[in-house]
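According to Swiss-Prot, the protein carries these features:
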| type | residues | note |
| --- | --- | --- |
| SIGNAL | 1-18 | signal peptide |
| TOPO_DOM | 54-615 | topological domain 'Extracellular' |
| DOMAIN | 160-268 | domain 'Cadherin 2' |
| CARBOHYD | Asn255 | N-linked glycosylation site |
| REGION | 260-291 | region 'Disordered' |
| COMPBIAS | 269-279 | compositional bias 'Polar residues' |
| CARBOHYD | Asn399 | N-linked glycosylation site |
| CARBOHYD | Asn437 | N-linked glycosylation site |
| CARBOHYD | Asn455 | N-linked glycosylation site |
| CARBOHYD | Asn536 | N-linked glycosylation site |
| TRANSMEM | 616-636 | transmembrane segment |
| TOPO_DOM | 637-790 | topological domain 'Cytoplasmic' |
| MOD_RES | Ser786 | phosphoserine |
| MOD_RES | Ser790 | phosphoserine |
Amino acid sequence: MRTYRYFLLLFWVGQPYPTFSNPLSKRTSGFPAKRKALELSANSRNELSRSKRSWMWNQFFLLEEYTGSDYQYVGKLHSDQDRGDGSLKYILSGDGAGDLFIINENTGDIQATKRLDREEKPVYILRAQAVNRRTGRPVEPESEFIIKIHDINDNEPIFTKDVYTATVPEMADVGTFVVQVTATDADDPTYGNSAKVVYSILQGQPYFSVESETGIIKTALLNMDRENREQYQVVIQAKDMGGQMGGLSGTTTVNITLTDVNDNPPRFPQSTYQFKTPESSPPGTPIGRIKASDADVGENAEIEYSITDGEGHEMFDVITDQETQEGIITVKKLLDFEKKKVYTLKVEASNPHVEPRFLYLGPFKDSATVRIVVDDVDEPPVFSKLAYILQIREDARINTTIGSVAAQDPDAARNPVKYSVDRHTDMDRIFNIDSGNGSIFTSKLLDRETLLWHNITVIATEINNPKQSSRVPLYIKVLDVNDNAPEFAEFYETFVCEKAKADQLIQTLRAVDKDDPYSGHQFSFSLAPEAASSSNFTIQDNKDNTAGILTRKNGYNRHEMSTYLLPVVISDNDYPVQSSTGTVTVRVCACDHHGNMQSCHAEALIHPTGLSTGALVAILLCIVILLVTVVLFAALRRQRKKEPLIISKEDIRDNIVSYNDEGGGEEDTQAFDIGTLRNPEAMEDSKSRRDIVPEALFLPRRTPTARDNTDVRDFINQRLKENDTDPTAPPYDSLATYAYEGTGSVADSLSSLESVTTDGDQDYDYLSDWGPRFKKLADMYGGMDSDKDS
């Protein structure tokens, strides 16, 4: 027979609280329908009576915040298989098992080891099982039970905000909603009154009130004025336990600000204002400021100013400064001291935003009187017009009067005025003006085709006060006269085919005219009288300012006459009639059967501008030949500068070179007259010149004496003489040194020559022996003795 096992669940309730138990619904699995009955009892152990049961008692209750020194007893587990011999062991698992909750494995007693807080965790779910201590096998199925934590009033109400901020319009009705405050209590709202909160006001009466259940704050006093008091601080208390004695409470502060409404009209601090302004003030000039005060703020304090009455509302205006809320009096039109000296205005200040419910307080506007005094100033002359427009024919003579301008001093003194033309606007001085009466006249001839409009400026200046002057623009239009003859619109050059037929159109002519007649241009075309009878062409006037050139005969011969020049007379229809003669060039050309030109003397008519292929080839060949010539010339010159390959051992030559001499370069050091080296007389003279006193004494440099070769010497001297006397010989064929004046030169230094006026006994005849290079010097100085004798 199968053994049924049961748990005995016992709940012990500590004093002074009673024992609670809740039935569990019937189990549907794991156990037969018939069960042994369990009976729960308090601290005393009552007899267990067996009875058929259908509910299990598996729920325990435990109070939170236990403050005793011992563990808090929860309940007891017991199995029918427990004979009390210690063979069974009770095991507890689940939420807090072994930590918060412990079980006596021998007796099944459950205890709580710590203080429990329902607000942290209200329910704990655990599982219990009885097992054989020796085998470890369960003797009862695992059973689940619940431990619920019962609430106590251990949490005070807490507001959602520490400080509330709210606003309400001033002058609000009683009961106007301000703000709602909310407090929450962490205690269990389903158990007792621990979480039932009631609101009350501790500070803020009699201005505000609060609803006890909802926490809604409302106004409680009528006509609260922001201008008297703007800020209010209200303290609200929230208390649990329904507000009963012993309940916990919390407070919060509500800062309430009265917002402004337009309940105050603007007011001027004074009833009359007075300002001064000179009559020369231009429109828009500020004269003065007025300000009305308004006790309101924001847009309710905005003020609009306007001129409602007075004799100067057309001359002055008032605008509102949005930053300072001041009214700025400005000039609207030009003032004239001579016409009116004092103006009186009525200025009104009003609120643009008015609430109808406060209209009973009176009109939301105020007015003040403004008196404006106009001061006299010395004003510049005033022209009778803002601008003048005059006309004149382009054929007008010099000093022709065009018109006049007029200006006068607006002041009471009526100072005289003189006129002048601003020459910056009339640089060519085409016009002039009479300084006394303002008459405008021409000073040069006009040409409409050059300039149609002349824009000048006339200046009017007070004679007694030249600083006072004014200007006016003067526009002068030059009227057209028919002074230009019509002419061809372009240069006409055309051709006619040799096989052309009579009356064939070969060119259409057009004309232009610089004049601008009112009725439009109407030109007529005709051949000049001298060509009309003998011409091979005729002119056909199309009556639309165009004409056509027609052939007059059949066939033309370009070999007999290649070009025809047709003089065409163009006339206009204006008065006086103007005409001009233009020439049309007609060339006779050979054409194909379609009339297209093939060849004629005027090649430019058919060939495009540019070069043919043959011309380009010829140019390229010329360039190549030129380059070859230059290269050969350079190579030949370099070859001549090279030293000879074989130098005779008998030919010993030395050069004295000064490297810091800024002479002519390579030519100065290499080109010398070799003939002087082969002239013993010249060499002897260079050794003993008695006619010249040297500035410094230099020892002559001795060179080895070369073997005298008469044939070579005569041959070289002959060739040198031929080249020296040949004026067409190129310069690089003669080797000579003219600028070098160093020691050792066979010609000595020219710096030792003295003036003829200081030493008349000098003999310069030896210059003739130095060759043709010194012939000029020999002519100048060699014959001086004979000149003196004569």
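Note: Cβ is positioned from N, Cα and C throughout, glycine not excepted.
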Drop a 10 Å sphere on every Cβ of the glycosylation sites Asn255, Asn437 and tell me which sphere holds the fewest other Cβ atoms. Asn437
Among the glycosylation sites Asn399, Asn536, which residue has the fewest other Cβ atoms within 10 Å of its own Cβ? Asn399
Confidence over the domain 'Cadherin 2' (160-268), expressed as mean pLDDT on the 0 to 100 scale, is 90
In angstrom units, rounded to an integer, how far apart are the Cα atoms of Asn536 (N-linked glycosylation site) and Asn437 (N-linked glycosylation site)? 66
So of all those glycosylation sites, Asn255, Asn437, Asn455, which one's Cα sits nearest to Asn399 (N-linked glycosylation site)? Asn437
Count the Cβ atoms, other than its own, that fall within 10 Å of the Cβ of Asn455 (N-linked glycosylation site), considering every protein chain shown. 11
In whole Å, note down how far the CA of Asn255 (N-linked glycosylation site) lies from the CA of Asn455 (N-linked glycosylation site). 76
Per DSSP, how many helix, strand and coil residues does the domain 'Cadherin 2' (160-268) have? 3 helix, 47 strand, 59 coil
Over the span of the compositional bias 'Polar residues' (269-279), count residues by DSSP class, listing helix, strand and coil in order. 0 helix, 7 strand, 4 coil
Determine, to the nearest whole angstrom, how far the Cα atom of Asn437 (N-linked glycosylation site) is from the Cα atom of Asn255 (N-linked glycosylation site). 84
